[in-house]
Structure formats: C-alpha cells, structure tokens
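For 1-380, the entry in Swiss-Prot reads region '3-dehydroquinate synthase'. The NAD(+) binding site annotation in Swiss-Prot covers 43-45, 81-84, 112-114, ASP117, 137-138, LYS159, 177-180, ASN188, and the record cites sequence analysis as its basis. Taken from Swiss-Prot, the feature Zn(2+) binding site applies to GLU192, HIS265, HIS281, supported by sequence analysis. According to Swiss-Prot, the feature active site, proton acceptor maps to GLU254, HIS269, an assignment based on sequence analysis. Under the heading region 'EPSP synthase', Swiss-Prot lists 393-843. Per Swiss-Prot, active site, for EPSP synthase activity is recorded for CYS825. The region 'Shikimate kinase' annotation in Swiss-Prot covers 868-1058. The region '3-dehydroquinase' annotation in Swiss-Prot covers 1059-1271. Annotation source Swiss-Prot lists active site, schiff-base intermediate with substrate at LYS1204, citing sequence analysis. What Swiss-Prot lists as region 'Shikimate dehydrogenase' is 1284-1571.
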Amino acid sequence: MTSVEKVSILGAETIHVGYGIQDHIVQEVISHLASSTYVIVTDTNMARTTPFTKLRNKFESKLKELRPESRLLFYSVSPGENNKNRETKAAVEDFLLQQGCTRDTVILAVGGGVIGDMIGFVAATFMRGVRVVQVPTSLLAMVDSSVGGKTAIDTPLGKNFVGAFHQPEYVFADVSFLETLPTRQFINGMAEVVKTAAIWNEEEFTRLEKFSKKFLAVVSAKTPDLISIKEELVKTVLESIRVKAFVVSSDEKETGLRNLLNFGHTIGHAIEAVLTPQALHGECVSIGMIKEAELARYLGVLSPVAVARLSKCLVAYGLPVSIDEKDFLKKVGNKRHNVEIDILLKKMAIDKKNDGSKIRCVILEAIGKCYQLKAHQVSKQDLSFVLTDEVLVHPFDDKLIPKTNVVIPPGSKSISNRALVLAALGTGTVRIKNLLHSDDTKHMLEAVASLKGASISTEDNGETIVVTGNGGKLVSCDEQLYLGNAGTASRFLTSVAPLVGINPQSGEHVVLTGNARMQERPIGPLVDALRANGSEIDYLNKEGSLPLKVKAGKGLNGGRIELAATISSQYVSSILMCAPYANEPVTLSLVGGKPISQLYINMTIAMMKTFGIVVTKSETEEHTYHIPRGSYVNPKEYVIESDASSATYPLAFAALTGTSCTIPNIGSSSLQGDARFAVDVLRPMGCEVVQTATSTTVTGPSVGNLKPLPHVDMEPMTDAFLTASVVAAVAKNGTQSTSITGIANQRVKECNRIAAMVSELAKFGVVANELPDGIEIHGISPNDLVTPSTEKRGIKTFDDHRVAMSFSLLAGLCKDKVLIQERSCTGKTWPGWWDILHTKFKVAIDGYELPLQHEDSTALVEKHGNGKRSIIVIGMRGAGKSTLSKWMASFLGFKLVDLDDVLEEKIGTDIRSFVQQQGWEEFRKQEAIVAKESFIKFSEGCVLSTGGGIVEGEEARESLKSYVKSGGIVLHLHRDLDETVVLLSADTTRPAYVDEIKQVWLRRENWYRECSNYHFYSAHCSSDAEFKHLRNSFTTYIKTITGFHVAQIPKKRSFYTSLTFSDLTEVASSLEDISTGSDAIELRVDLLKETTHTFVADQTAILRKSTNLPIIYTIRTESQGGKFPDNKFEELEELLALGIKLGVQYLDLQLDLPNDLLERILESKKFTKIIASYVDVSGSLRWDNVEWKNRYNQGVSLGADLVKLVGRANSFQDNLSLEVFRGTSTLKPLIAYNVGEKGKLSRVLNPRLTPVTHAKIPAESGNEGALDVAQINKAYTDIGGLSEKHFWIVGNPVGHSRSPNLHNAGYKKLNLPYVFDRFETSDAGEAFQKLIKEDKNFGGLAVTMPLKVDIMKYTDKLSDSAQVIGAVNTVIELEGEQGKYLGENTDWVGISESFVRDGIPNLENVNVNGLVVGGGGTSRAAVYALHQLGCKKIYMLNRTVSKIQEIQKNFPAEYNIEILDSVEAVEAAQPISLIVSCIPADKPIDEQLLNKLERVLYVGGEAKIGGFTPSLLEASYKPRVTPIMKIASEKYEWNVIPGVEMLVNQGITQFQLHTGFVAPYDVVHDAVVNQ
C-alpha cells in the first residue's frame, strides 16, 4: 500500500499527500462523502493523461461496488488561465443543472490552479454551496491554491477579484500527477515552495538549496523520471503544505497572519496582471519575491546575504529573478513595454490584501522569518525605486545627512574570488566569512560546483560559506560555464580549466563564456602563456577574448612560463594560484615592462601562503617568481576583508559633504592597494584622515574647499581612480587641474572607464581630458555644477558598477535631481550600495522610468535585431551570391568579404589551379579552416560570401551550424536551377564540376537547408526594371530578417488578397491588379501543386517580383478546410519553419496543432508576425459558445500577434453574434468573420486584414461568400460605415491639375463614396472657411501654389516633414480630434518614392551625394527627400544664389547642404549620383546654370557612385520629356525619371492619408498619364 502523509488544517486531517494514491483517493471519497452524484471536472489536457484515466477507471469500478445507486459525471473545460472566467464558470453550472445535480452533489476538481480555483467557486455558489474535493495536479496547485479554501475567477480588471472562501472536504496531493506536467509548469510551482520556506522555515530552505540541481535535472529531462526523486519530491510538497495549513488554521479569512503567504505577491501579482498569460504565476511571484526582498534590504531590515541567497535559490530552480532576463523576455515579448511603474502601482493599489488603497507588503527579516509577522504599509516612492533600473538621486540635504557614520562595505571581490579558487584546489574544509555575495562570486561558485571542484554549503543563515575542497581533482562538465561580465572569475578559471580532468560521462572540453561585454574584454596574454605551457585553448568567437574552449586533462607542464603583465595583474594571479598543480615547479617571469597593480600580485602570494604554498621572489631576475609543486591545505576559517575599492565611496561621500565616515575593518595592514586611497588621495585634497592598522576614518573639509591634486600616480589602486575623479570634479584652486596617471588598464575593464569619466563629467559641466595613461580633470566649484539633462537620459553607467557608484556621489551635489542609468550594475560588487546611500546617508532616491515613446517597438528591434553581427551567405555557384552580397553589404554599411579571396590569399594560388594540383579533398579541408577562422576574425560588420561547396565538408557544416546556434544569420541564396545551369556552363573561370550541376544540387540541398536559418530565392530577371525590382525586394527581405524593419499590424480598415492558385507562374503578370486595394497578400501553400521547399520558395520569389505587399504565409490542413494532410506534422513543421526562413511578414499558425509544435514555431519566429488561426469547418459553433473564447484566449496565451477565427453563418443573426464577441475580445488584434452566403456582413464589418478575392482568383471550396475590396466598400457605405466625403485641390491655377483624375480614379476602383474637385483661389482663408469650416462632408485638401505656406496657419499640428520643409501640401482632420487639422507634406515622398520605384537602393550606409537644381518651394521638398534617402551631402544649384542660401539657412546642419555658386565650387564638389530638377521646364535654361549642371552630369556619370546608374528626376510633368531630361539621358547617359512619376507617387501617399486605403497604383497612374 502506498504511504499517505496526512496534514491537519482547521482541526481536521483532510490534506493527504503521497505518490500514486489514486486508490486511496477513491476509497476516501466514496466511503466518507455519501452522494447521489459525483462530478469530476478537469480540463481537456488533463483528461488525456494516464494518471487521470487511472483515477477515472478506479472511481467508476469502486462506485459500482460501494454505491451502485450513485452516478458519476465528467465535464472538461478548455485549459489555461484565460478560461478562468465568468463564461466558463457559467458553462459548468449549466451542465450541472442540465444533469439534475442537487445539494448533495460532490464535485472533484482535478487539475491545476485554474481548475481548483474556478471549480471551487462553482461548488461555493452552486445550490448555495456543495461539497468539493480538490485533487491538484500541478505543483503550484498542490502547495498553494488547493490549500486554504480560497476560490475565485478572474475578471478583465484583475486576477481572483470575484470569489469566496469555501473549504474543501479533502485535498489529495498525489505527486504522481506531476508526471504529466510540462517542465515550465513544474518549475513554475517551485516559486511557491521556495516562498513558503523563505517566510517560515530556514531548515527547509537549506534543504531546497541542496535539492535544486537534482530536481532541475530530472524535470528538464525529455522523459522525467520522478520515481528517482520521489521521496524528496513528496517531502517538498508536504513541508510546503504544512506551513500553509498551519497559517490558514491560525487565520482562515486572511485578517493577519495569513497575509505572510503573500510574500512576493504584492509586486508579483501586479506584474502577472500585465504579463498574463505569457508569464506564469510562479515566474511573476519569483520576480516579486526578489523585488520585495530588495525592498526589505533597502529599508535596512534584510541583509544583502539573504537577498543573494534567495536569488540564487530561485535561479537554481530555473525561475526568473528579473523581468529583463533573456529567457523571460522571450516569453513575454513586446508585452515587456506594458510593465510601467504607474500601471504596476495601480494594480498593487487594488490588491485584495491592502488596507483601502494603502499598499501593503510582506517584509522579510531573514531567511525563514518575516518582520513582525504581518504585512506592512510601504510607500510608492520606495516601491518605485525597487521596480526600476534607473534612479534619480536628489540633492544631498545638510539637515538630514549624519555628521558621523560607520559603514562596513561588502567583502572584497578580489579576495573573495581568490579564496574560492584556493579553497576549491585545496583539501579539507574551510569556513569563509564575509564573502562578497555578488554576480561575480555567484558565477565563480557555480563554476566551481559545476566542475566538482568542491562541495559548497552555507551556515549562519548564509553568512558563512563552507567549502570542502577536492584537492584539485576537478572534472569536465557538459554545460558551458557562463560568467556574465565577471572579469576576475574568467581570468582565474582560464588557468584552472587545463587542470580539469575528463569526466567520462561528459565532454573533453571546458567552455568559458560570458555576456557581450565579457566577449570584448582581453584575455590574450594569459591564453598565450598557457598555450606555450602545453594547454590546448581555442577562441570560439573573437581572437583574444571569451568564449574559450579548453581541452581538459592536459594539465600544466610547469617549468618556465613567461607572461605579459602590463594589462592585468589578474593574469599573474591566475597562473600563480594554479602553478602548484603543474607537472614541474614553475618559474613565472613577467615580461614586457613593469607589471600593473603589483599590490594585487602581492595579495595573491600572501593568500597562497595562508593556504599552505610559499612563493619566493627571484633574487636574480626582476619580476620573476618561483612556485613549488604542492597542494593547498584549507585553513579552518578564512575571513574576507571588506572591499577597499568599495570603501572609497563612503569615504568620498564624507570628503564631498564635509562629514565624517569610518570604515572599521580596512586599515594600513590591508592586503588591498585601494586601502591607501584615503591617505594618498583624500588627505592631500584637504581631508582629515585617521588610519590605524585595521580602520580608516575620513573627515571632509566644508563643502567647496577640496583642493586639486596636481599629480597622483594611482597605479597601486587603479579601480579607485573613478572615485578620485568625482572628488577632483569639485576640487578647485585657481586654474590648477588634477592629473591621475598609472591607470591605462582601466580602458579595458567593464568599459573604457577613462573615456566614460570624460564623457559623463562633461554632463556636469566639468572639463576632463584623456592622458596617455590617465585623466586630467579641471575642477569647478560645487555651486557651478550643471544638472545633467533627464530628458537626454542623464548619466550613462556603461553597465559598470564603479561608474554608477562614483556618479551617485557627484549627483547629490547638483541643485536638482540627477538620473543615473542601470543602477543594478552595482550588484557586481555592492548590491546594497543604494540602500546604504538611502538608509545610512539619508539621501532621497526615486525610481525613474523612461517615457514610453523612447521604448517603442524599434527599441526592441535594436535590442534583439542582428545589429552589427556579420552575415554569412551560402548557396550554389551561380546563385547570385556575389551580386546579392554586394547589395546587402551596401545597404547595411558592411564590408564584403569573399571567402574564396581569403582562401586564395592563404594558399598562394587561384582555386582552379589548387584543385588541379591538390584535389578537391584537400581544397575542402583548407576551405573549412579558412571558414572557421574567418567567422571569428570577421565576426562584426561584414557580409561573408562563401564558396558554393562549403557545405560539402562536415567540419565547415559544423562551423555554419554553430554560427546559427549562436544567434548569427546564415543566409542561403538560390535561384532557378535551369538558369544556374545556363550560367555555369558558360563560365570557364572556375574549376569544373565533377558531377552534373543538378546532381550536385540534389546532394547539397539538405545540407544548405540544415546549415542556414534564412533563405532567399531569386526570381529570374529578364530586364533592367526587373533587376532593379529584385534589388528593392531583396533589401526589404534583409530589413525583415535583421529586424531593421518589422511589419506593422494595420490599425485601420485593411484587406489581404488570398491567392488560391496552384502555381503563381501563370498569373504573375496579373498579381498587381489582383491585389489592388489590399494591404497584404496571402500565399496558400497547401493549395500549391507541390510543396517541395524549392517550389514554395519559387512562389514567394514570384510574389516579391510582382508586388511589394507583405506576404501572409498560410498552410491550412484538411481538418481546417485546407488541403494539407492532417497527420503529417513533421512535414508541416518544416514548411512552417521555411516560411520564417523566407522572411515572410506574417505566418498563419493553426491553433489545433500540437502544443509543442506551436511553441517551437513561436520560439523561432524572429521578426515574422504570427496569426493564430482556427476555422470551425463544421459550422456547428455559434459565436456565444465558450469554445470561441477559449480559442481566442489560446491565441493570446501563445503570444501570437493576431488571432484569426473563422465561423460559418447559418443565419443572419450569426453575424451580429460575432460582433458581440468581437466587442469583448480586445487583448489582441482579431480577424473574425463567417463564411457562407449569409456571412457576407461579417466580412464587411471585420475591421482589420479582411480576406478579399478577385474575379481572376478561382473560388475555394468552403469559402463561400468571399467579396472583393470594391464590394466590401460598397456594402460598408450602404450600411453607413463609410460616409460621403469631399476633397479638393486648392490653389491658383488648378484648372489643369491632374490630382482630380488621380484621386477620383482611385475612389471609383475601390468603390469609395468620395469626390475630389478643384477649388481655385489665392486666399488660404477663403479655402479654410468655405471648404473646411462650412462643408460638413470635408475630407481633406491637396494644396498647391501659392497656398503651401499660407495654409499652415489654419492647421493645429504640423508633421515633421511639413515643419522642416516649411510648406504644407495636404490637410486632413486630426484623428480623434474633431475640428482640428493636420498639415502634412507629401511632395518629398513623391520625390523619394520616384527614385525608389525606379530602383534606387537604400543609401543610408552608402556615400552618395545629391543635387537640387532650383530654389522654389519644390526645392525644399527635394532637399528633405534626398536627406531621407540617405544622401551624405546635398548640393544646391540655382540662377539666383540668394534663394538657395535662404534654404540652406533654414535646414538643420546635419543635412550638409553646400551651394554650387561658381564653376570652382562645381569642380571641387564630390561626384553626384542623384539630381532633382525643380526649375520651370517651359522656359529657356540659364546658360551659366546649364554649364555648371553639365559638369555635374559628366563627373557623376563617369564615377557611378552607389552601384547604380546615376538618376535625374524632373519635377515638372509637362512636357513629358524636358530639355534637362534630354541632355542628361542622351548626352551623359543618366537614367531619367519623368515628373509625372513624382506627381503619381505624392498623390498615392496623399490618397492614403485622405482615405486610409492603399491606392490602386496602376489605375491612378493610368489616370494621370493617359487620360
């Protein structure tokens, strides 16, 4: 019989815990809870599991045996937090009523917290209360929601706001149910377990710390073996339940003690309310616990060690401790931007445990103990501080700052890391006290544990670290050792790694890696020395920096080791500490000059002596040390001295404020160089310093009386130079400056600290300049300090702890609050620094949150886009790699590196000759070596074009896959194979293929696929225009895959054309016409005649060749009304992944697919938007059925960008029901409509991305009722959705304007109820009064001369372009502001779009110059357009120079405008590639102007800068070919663009501003040109 543990709650043993106790559950319920009806309610996921089936079967058989007259009912609801709502509760109640359930009913809630909460609430209210049994199946439910009788549902305003206390008859925690739990849900539950131990039971917390590694290994396995941790798991659940049961028994209705269970929940619930359902409850509570623990530390109640210990424990269980953790951000995506302080505080203010609107928090006093056993009221100011990473430091208040203070800084980082290395290499047990608990030491401890270097535990509530060393017997591990930005740990472990033995169960290497900054910091000299001594170490990325791959089992040879030690003393300490374990005694000789930071080398030697190894300094050689072989013997106790570098901050505070501060445990006998700071720096600056062997006291002079130091050599204490710099900033004595030298190594720390100090001191109005090995600071009076601008982001810390702490001191001397970024970076050495500033020094501190406009979607792109990371291009020879790589490099501003050229340089001959002499096998070997080296050498700012056969070699393939795995882009380019064959057959410059080209492709096809994460298929180009279009579509593709431009979901009425063709080749020429009026175009992959990857890629190429619209990539399965087989999940997943590789803007993802498949696609989506879709093919679901809400919620929970739901209308009413549903479904953009003839109204009413058809598109089975854009607009107008509007062209003359032709043709094509007419006037006031004020149907104006400036005063707001250009050509009503008007300028768009449509590529990263000819109003728009296109310099040429001088004066300096006012100026000008002619075409051209222009045309035509034919755009559209166009094209072979194109392109933009619809390009173009 399986053992069952019973826990008493409210006086009865009703909580039963065990493993596999289904028999016990059934027996207890049927025997002790007599009923005519038992109802088991679960969710659809749980209903399919083995443990549930077992419970159900046992219940059915036992009921027949014990109570044959009773019945058993089952009901399943949809899973997920979003279904814990009123609708689902009502559906369960309706079921119970329909089944005739009465007051004696017993309900069993079998499921996670959602089921337990909601079904408990059903039981509380059904028939005014029936009995309920909780059978929790998730860890979270077992230890939290099922115990204590709290029941509830969620509302749109928050979680659990409607509910009741309703105690269950039993709670059965059967731990075997956890076998069904996904890993993330398992980990999620541990947050509540850790919380319970943290508030109540330190002994249990210690056990949990030890259990974490085993737990995580088991639950993360593909098939978790819970039996292997059965006893510990049961104990984990049991102990957590015991605490909660005790607390609930003492305070059932949560009036006092029970509030303690809400530790982490005040902040956690607020975060969850914003991030649900993407973030889980336990994840949010985990973050909440750390934030509330930091609050307790900030208030001076909780020790920094306890916070560190709690954080480490949560991380050990795989839980997040910060919203900005990489893995957590992946889950919540863009929702991260919704986590704003004001929103969180509002959520906290309506928390159920508050006293009115006063926010209450549980304050932790120690691990296992809460402060005063109750929740406390906390201020919003203190909460704001802990919730933000940016901080406002208020001016120091003389009345509040204590005159004397005693501060004990955390343990020394330098000594802490050395002690951990020595203890791990030593034998015996050592108790380390005052260890620094920071990011650096955390990484070191984790690394030592991973390498089995020592067993590590804690005592004294975490204050003492107990290390039992294994005598240097470390072994390799599978996982990479991630060291964050911990420079000390990385350098020490680099020497430890070769000593590591090989673990037969894992690999033969140790990999050391870190964050982005760590991967820039130098480690080369240390690696060189170790390699020379027999170690095998490879750089995995950038030469000279982490990550490193170190061969285990090699050891150190010993003997003489030479090391360059002028950059970092840590290199020296690293080898010193590991030297006793070399094969021979070591002589370490430091070469290259005087070693840096000699005192830190002395510190290492002194510590080695304490651990039993004596180092002797050579008497014959300078900077040389002899280290004997041996083994460290750990002392019984080792006390870490406080960090002397950190001590400089409180001492400097005293110096700056004229107060006194004592550091009681650092004095003249310190091992640390920085202990001399007070004596060598602060005393000569005017401070009174008293230093004993063990303490230091500084008393500052009165404020403003510090003296500059003409020169101080800080080489013995380089880290303290930042503190000295901020003190020197307010040390003024005439013109005397302070010069600090000996600190060159500070340029390669967490950032370039010298440059950082210069740039940030400047924000305070303090001038500083760099010296070859230091900094010079020109101090000013504190009264003259400037407050750095908060709007300009205040003080940048460069994620450097010492920069942040230093400037927190200077900030308080300003007259106003100073913003300091990234305050959490101080966690590296002093996590509680801000708490000290607040509690000890009584400094007022506020949290600060960046205004939302700074954190828009582009900020996310910058964070997660490709950035400067190099892009690797692979593909068949002849696939266009060279051309497209060149285009890509030009667009991105990258360097193009052809690996064939790199290879030829290395082998000293051309590839063809090498292959003839050495053979293909040797060539592939050399190619793989060059590839691996190049991927590291050219890791940033390059496009690497590879040879076609790079995928032939396994080693090269592994290098490519590794690059993809590390987050890089490997782009596979391909084109039609027949075209490739034709091209290659004619190419004699490259070595001949051994096989036929098609055979080669078939062999390589899968290799290309598995080695790349992106794929672009080039359509065949048969004309110059098609070639230009290919370049533009390829650039758009690159923008998408690099995150440079992310598709924006339309916010207004919009459409997409759904293509149901089997092959787009047949309709390519009609695609632009077919997609008229659409905002996107859908490729139905399942309807294609074949779904091979090549054919699907070819179809996307046809789309890109034919239209610029975003692509929606859809594969509909048979059960969802499509043609793709239902059961081919593997093939389906590959095709979905192909869509992402092809860089489509939208991917349709069916909600009925397996959950793991959905999650894999969502994880890999990159910058593609996901449309989560569900189609009710049967037509049986009405829109008030809860299943629709469940499907919508499922899409929201998955984190899709849009949700698409398709029903079938069996009656007209179904359309109205859908609109009710739409009105309540607002969490994510929704596309929802009904198919069928009776469903047409729903398509008309759908506001966003409605699918449309076209006369040329074949009808699709099951899609009856499809309409085209014009039909929808007509119907929408008829029912009042669109109303009549009037638009005008205003100015004088307007009689010949083509604008009415353009706009009216568009209205007619799209069936819009609008009219565009002419209104001739020279009076802007008349136009405003008669057209805008008096016409109730006013839609908008197109403004021409002479009103473009005069009309501006009648607008309420101007666009950026209108402001800069100083003219308006479009007026519309401001959205949502009736009677207020926006002035816009689309002339510049007409100019830039004319160039772009003609094939001019993006010029942002290309050194291209432009010229504007003329000085009128259009010239201003032309200047703006050329700047937007990316021209680096804009020249201007005009007959009347004063006019263009005026334009030059009015434009910002960054436009870089130069005037060509003489032939000499023209001769001196750089080549020009783009010209806009804005002079009248109907008058003779001035001869002098023409002479200058022709010189420009000649030079530009010869130079051909930018990789395209130089182009001239004519602004005049009459005559069709102007004299300037003729000269440019015929005489100088420039490409010319007629003015009618500019008219059309500005009109198209104007059309969209006026109507919100995409103009039908061909139709309006024809109306302007041919009518």
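Note: Cβ is positioned from N, Cα and C throughout, glycine not excepted.
Here the Cα atom of SER138 (NAD(+) binding site) is found 12 Å from that of HIS281 (Zn(2+) binding site). HIS265 (Zn(2+) binding site) falls within a helical segment according to DSSP. Taking the Cα atom of each, GLU81 (NAD(+) binding site) and HIS265 (Zn(2+) binding site) are about 17 angstrom apart. Annotated pair GLU254 (active site, proton acceptor) and the residue listed as 'active site, schiff-base intermediate with substrate', C-alpha to C-alpha distance, rounded: 43 Å. Shown in sequence order, LEU140, ASP144, ALA191, LYS195, GLY264, GLY268, HIS269, GLY282, CYS284, VAL285, GLY288 are the same-chain residues outside GLU192, HIS265, HIS281 whose Cβ sits within 8 Å of the Cβ centre of the Zn(2+) site. Ranked by Cβ neighbours within 10 A across all protein chains shown, the recorded positions VAL114, LEU178, CYS825 are led by VAL114.
Cβ contacts within 10 Å of HIS269 (active site, proton acceptor), excluding its own Cβ and spanning all protein chains shown: 24. Neighbours of HIS269 (active site, proton acceptor) among the binding-site residues ASP43, LEU178, HIS281, defined as a Cα within 10 Å of its Cα, are HIS281.
Per-residue confidence over the region 'EPSP synthase' (393-843) averages out at a pLDDT of 93. If you take the CA of HIS281 (Zn(2+) binding site) and look 10 A around it, the recorded positions you hit from LYS84, VAL114, ASN188, CYS825, LYS1204 are ASN188.
For the residue listed as 'active site, for EPSP synthase activity', the nearest of the recorded positions ASP43, LYS84, ASN188, LYS1204 in terms of C-alpha separation is ASN188. Cα separation, GLU192 (Zn(2+) binding site) to ASP43 (NAD(+) binding site), rounded: 23 Å. Secondary structure at LEU178 (NAD(+) binding site), as computed by DSSP, is helix. Recorded residues ASP43 (NAD(+) binding site) and HIS265 (Zn(2+) binding site) have their alpha carbons 26 Å apart, per Cα-Cα distance. Here the C-alpha separation of HIS265 (Zn(2+) binding site) and the residue listed as 'active site, schiff-base intermediate with substrate' works out to 34 Å.
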